[in-house]
Amino acid sequence: MSENYSFSLRKFKLVFLGEQSVGKTSLITRFMYDQFDNTYQATIGIDFLSKTMYLEDRTVRLQLWDTAGQERFRSLIPSYIRDSSVAIIVYDITNHNSFVNTEKWIEDVRAERGDDVIIVLVGNKTDLADKRQVTQEEGEKKAKELKIMHMETSAKAGHNVKLLFRKIAQMLPGMENVETQSTQMIDVSIQPNENESSCNC
């Protein structure tokens, strides 16, 4: 039993990128602890957390690297992108400039990793829909053009956060067979929970 567990437990590095105050840390905190802190504190440099995810017949360990959005820390980021499995590019749907700037973050990822990385574009803060500056269609269009995954979330309300990480886990290298075998079961178990969310965004 322990042998099978050791074999199936693979580690994957997920790097969170994006401008300052788009909610990178809040997404990680919601996923890790199911909590949201209203007090904003800028990430200084790089933070690291790890969480084990239990899927249908596979267990994976996700290493979550939270990067600072400030310009003065930009020189640190390429070294963290270099050996990542997933790059999660976050923007704030109430800040159009943060959406525009996702292009340079994606360019940085491509420069370091080429096509050997999963890139996910995430529009955060859907709980502030009345202040929205970026439509969901704009996000989906950009993701389609770049052939990457797109999802909107609210770290504050918890909307789509678990689903985001579940979908990322399904896309990880070596997970193709698991996804093929259990797609229907996953859809049935996840979607109703998300639809029942109290968030109207």
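For all residues, glycine too, the Cβ spot is worked out from N, Cα and C.
Lifted from Swiss-Prot, the feature list:
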| type | residues | note |
| --- | --- | --- |
| BINDING | 18-25, 66-70, 124-127 | GTP binding site |
| MOTIF | 40-48 | motif 'Effector region' |
| LIPID | C199 | S-geranylgeranyl cysteine |
| LIPID | C201 | S-geranylgeranyl cysteine |
| MOD_RES | C201 | cysteine methyl ester |
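Just so you know, the Cβ of S21 (GTP binding site) picks up 17 other Cβ atoms within 10 Å once every protein chain is counted. Model confidence over the motif 'Effector region' (40-48) stands at 59, taken as the mean pLDDT rounded to a whole number. Secondary structure at G18 (GTP binding site), taken from DSSP and collapsed to helix, strand or coil, is coil. DSSP assigns T67 (GTP binding site) to a strand segment in the three-state reduction.
Just so you know, of the binding-site residues K24, T126, the Cβ with the fewest other Cβ atoms around it within 10 Å is the one at T126.
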